[in-house]
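Chemist: Take this structure first; my questions come after.
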Amino acid sequence: MYFQRTLKSDLSCQSVGLHSGRKVNMRIRPASSDEGIILVRTDTRYRQMIRVCLENVTDTTLATTIGSSGAAISTVEHILSALSGMGVDNAIIEVDAPEIPIMDGSALPFVNMLKLVGIRTQEKLKKYLVVKKPVSVSEGESFAMLAPSSSFEITYKIEFDHPLIKEQSYHLKLSDETYEKEICSSRTFGFLKDVEYLQAKGLALGGSLKNAVILDEKRIINKEGLRSHNEFVKHKILDAIGDLSLIGMPIVGHFIAYKSGHKLNSMLVKALLEQQENWTTASFLNCQDAHGQNTREKFSIRDIPARKILGAIHA
């Protein structure tokens, strides 16, 4: 994809908000080149506009929340993931509530709607962020890293003390095709005891078997089961793609994560952008030359403090 892209026409949908339980109406409209992704609260007096960028992240508890001038929109990661995964650079997202509709808990409904209205090429070249040197962040056992690569690669590993999850790892090179085929249908998941606790606190009020995979101590409660045997780690990748879009441009680099989440993903973006010597920008035509070679730079085991990820890197 050499040039920037946006929607061919408007799309609209309605679903509940995962945490509020309220019905949410959302419309996504085309945007001009270099406009980026803009969120708009249509239920506020002045139709508050919020640019999707790291500086506007206000919370990463349970979901990623973007806010500006007193207005905020939460649970943005799935729609941002769909737009990024399908190569959409510019769009205006309008919602009449402080939360993005959860749909079925994955990005598949958004991808299907994008395909239905179509995606068009714009007149300006894309700009890519090219990772030049490894950057990493950690918190406890959790770890996230961006390293040089000649494409956007993702390697992710999770561990849960549950008989149906245990350890899962996945690696892919991201493209429209791999995102649609392998990632976008993976649903958010949670544990019944946690859902009950959150709902007692007035959170996750919209959560149900229609929009999440719910597990008790031994099994999956959803009658239809999983969409893929590794749906859990794939959903974490889906979330990460949305969180990494806070960079504001497509990435040429290798994202490596072990038990990461919204907070750590946001911390990684911040750490990367704060160190200008570790990245540069380039057009698609020359991004492979931005760090002086056409293949991914090698990095040694000592660069990776979370050694448990190594098994996933070579999967």
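Cβ atoms here come from the backbone N, Cα and C positions, even for glycine.
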Chemist: To which of HIS78, HIS162 does Swiss-Prot also attribute binding of Zn(2+) at the site defined by HIS235, ASP239?
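Modeler: So, going by the record in Swiss-Prot, that would be HIS78.
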Chemist: Let me spell it out: for each of the recorded positions (HIS78, HIS235, HIS262), count the other Cβ atoms within 10 Å of that residue's Cβ, using every protein chain shown. Which one has the most?
Modeler: HIS78
Chemist: Which of these binding-site residues is closest to HIS262 (active site, proton donor) if you go by CA atoms: HIS78, HIS235, ASP239?
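Modeler: It is ASP239, whose Cα lies nearest.
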